[in-house]
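TrEMBL annotations:
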type     : residues                                                       : note
DOMAIN   : 7-207                                                          : domain 'Poly(A) polymerase nucleotidyltransferase'
BINDING  : Asp100, Asp102, Asp157                                         : Mg(2+) 2 binding site
BINDING  : Asp100, Met101, Asp102, Asp157, Lys221, Tyr230, Gly239, Val240 : ATP binding site
DOMAIN   : 212-359                                                        : domain 'Poly(A) polymerase central'
DOMAIN   : 361-607                                                        : domain 'Poly(A) polymerase RNA-binding'
COMPBIAS : 464-478                                                        : compositional bias 'Basic and acidic residues'
COMPBIAS : 644-653                                                        : compositional bias 'Low complexity'
Amino acid sequence: MEERVYGITPPISTALPTEEEKRLNNALHQELRAQGTFESPAETEKRKEVLRQLEKITNVFVQRAAQEKEPKNSILIRDAIGRVFTYGSYRLGVYGPGSDMDTLVVAPKYVTVEQYFKIFPHVLVEMAPPAAITDLTPVPEAFVPIIKFEFSGISIDLIFCSIQTLKQLPAEKNWSLADNNLLRGLSENEVRSLNGTRVTDEILTLVPEPATFRLALRAIKLWAQRKAIYANIMGYPGGVAWAMLVARVCQLYPKATSAVVVNKFFNIMLKWPWPLPVLLKEIEYGCPVTRVAVWNPKLSHSDRNHRMPIITPSYPSMCATHNVGRSSMAVIQQELREGVQVTDEIMIGRRPWKDLFTKHTFFTSGFRYYLTVIASSRTKKAQNAWSGFVESRVRVLVNKIEMHPSIALARPFNKGYDRMHRCKSNAEVDEVVSAGSLAYLYKPPADGEAGVKTEIKSEIKSEIKSETKHDIKSEDGVPVKQENGGLKAEDGIPIKQELSDQTLPPAPPNIKPEPTDDADVDVRLEEIPEKKDGPEYLEIYTTNHYIGLQLVEKAKSLDLSREVNDWKSMCMSNDLFDAGLMFLSIQHVKNTALPDDVFEPGETKPRPAKKGLKRLASEEPGSKQQPPAKRQVQGKPPGPQLPRPQQQQQQQPASTTAAAAG
């Protein structure tokens, strides 16, 4: 019997694993466990139970939607069911501790997205165990409408789609979304909703050995996350894109172990002749079930401009890496090059697997100069919307910056840093939102200082109110998140800590003890403090995104004012922007001035050069003092100004320089 050929080309090798390759594979498995990428069986069972409850909730939601649509159609209401599908890391089987669950609710044609946002949150809170649902946040304005929440401590991203060709969904347990006809009559965002599950399902059918694929993918995901090149929204491949790259290598080496696949992954992808697309199967054209365009560089100018096209296998095929730009492509190539060196030595026994998973040096030694994008708001609710929008536009700023003739590389970090500030005046607020000051940074009470009582209400936009002994609340009623604060019940929900006489903390020395009922104490009027109106602090929420800058070798100065101002105008002209609540600023930051919280324990923060060395350098013949970088002024942003790049090049590691050249 002839073996099946996976992929669009024959395999490179069908050799069976050697004993040494098996040993290396076992070592890889052990290292991934030591790195904490596997979840405990108890946590996995908890996820399955959450999915079972979501299926029951979905059925009730569809029944109520049917009753609202056709209240007299008892048969329609009786037979109404919905289905819950997963996609992403959970569907692929490569999830780990703390991973969120990407989930899809599928409903019959008569259920609308308006009903989804109107009815589903109510049913969710009503049917879930008490206090199991937290952080319930519907986002109907998203391109793919989504409801975000935590269910028994598991983060859920729940999207929705109604099948326009089915008035009732099949009850068969094994019913899938593979049939292309299910896409008929769907809009582009609805097609994207269904294709999350369709793509992940098809990936698993296109690899020779799913178990080999999963272990190799766990390794590549961990490597990409450690190197900070894992985030589609910031211009790097996302989880599905990395999965398709690993799947393609599995097709080329169908009998290899996961360890061999990992090594071949780096060697093949480093030499891949981009922009030749990575395909797991031939692209389907001419399937007239939807008007959504299929990726086709022969017809589409935008498709021709994709630098690193990785194409989804399900119809309609799309490019999963259309966000990858020049700088992120150079960074990926450099990390692949280093991955080749490390894994080649691992395969001959010279290095351990842990050397592959060392952390990035983006902040410690990657760059001398950075731009920081500061999105800030006066309320937590406004910040959730504003920071998400700004994050989705950071890569646009990067694209503008890297076109500047003095820029060799503009590398965005793959995540933002959320901070909270407590200011006492508008002047202090301006320091935070305009200049990026961290002088008023506020960290919630540590463990034992305050308890939190969380109350869930069945509203479409749930408001979660917190009461602590410090009475900390934001302006919109959303609680300040506390780090390890208060006691927790068995289900992980914080509860208010009741203090007994024995556990009451001693009063501060400058506070007089309260008199007891049986004490004979005279209280004078002047000793009673006056009640102050309004909040004691002005709370500001910020999200900072960092972009590392490397200048070309002969650049003498850098003026990014035009690029920065154009980008800010684009963001602030969006309908989402509220000038009374939201702010946007961009600052130039030296590596020695980076905030402490971007460094993890054990990392060394760059330090300013010693004054003695600076004085000696300035006394050298022909040397000139460089002017300090100009600071951006609110209202008149001149754009970041950088000194001459010669000193920067001395501090740039060889890897960054090579990445820019690539």
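FYI, residue positions are counted from 1 along the chain as it appears here.
The backbone N, Cα and C atoms fix where each Cβ goes, glycine too.
Those TrEMBL annotations? Automatic predictions, nothing curated.
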| request: Could you check the binding-site residues Asp100, Asp102, Asp157 and say which one's CB has the most other CB atoms within 10 Å? | output: Asp102
| task | Would you kindly give the Cα-Cα distance separating Asp100 (Mg(2+) 2 binding site) and Tyr230 (ATP binding site), rounded to the nearest Å? | result | 15
| request: May I have the DSSP-based helix, strand and coil counts for the residues of the domain 'Poly(A) polymerase central' (212-359)? | output: 76 helix, 4 strand, 68 coil
| How many whole Å apart are the CA atoms of Lys221 (ATP binding site) and Asp157 (Mg(2+) 2 binding site)? | 20
| query | Roughly where does the domain 'Poly(A) polymerase central' (212-359) sit in mean pLDDT, to the nearest integer? | reply | 96
| request: Check each residue in the chain of Val240 (ATP binding site) that is at least six apart in sequence and keep those whose C-beta is under 8 Å from its C-beta; list them in sequence order. | output: Gly88, Val199, Thr200, Ile203, Thr312, Ala320
| query | At the Cα level, what's the spacing in Å between Asp102 (Mg(2+) 2 binding site) and Gly239 (ATP binding site), rounded? | reply | 12
| query | Which whole-number value in Å describes the distance between the Cα atoms of Asp157 (Mg(2+) 2 binding site) and Met101 (ATP binding site)? | reply | 6
| field | Chain-mates of Asp100, Asp102, Asp157 with C-beta within 8 Å of site centroid, Mg(2+) 2 | value | Gly88, Met101, Thr103, Ser155, Ile156, Leu158
| Relative to the Cβ position of Met101 (ATP binding site), how many further Cβ atoms are located within 10 Å? | 21
| task | Give the number of CB atoms, excluding that of Lys221 (ATP binding site) itself, located within 10 Å of its CB. | result | 21
| field | Count of other CB atoms lying within 10 Å of the CB belonging to Tyr230 (ATP binding site) | value | 21
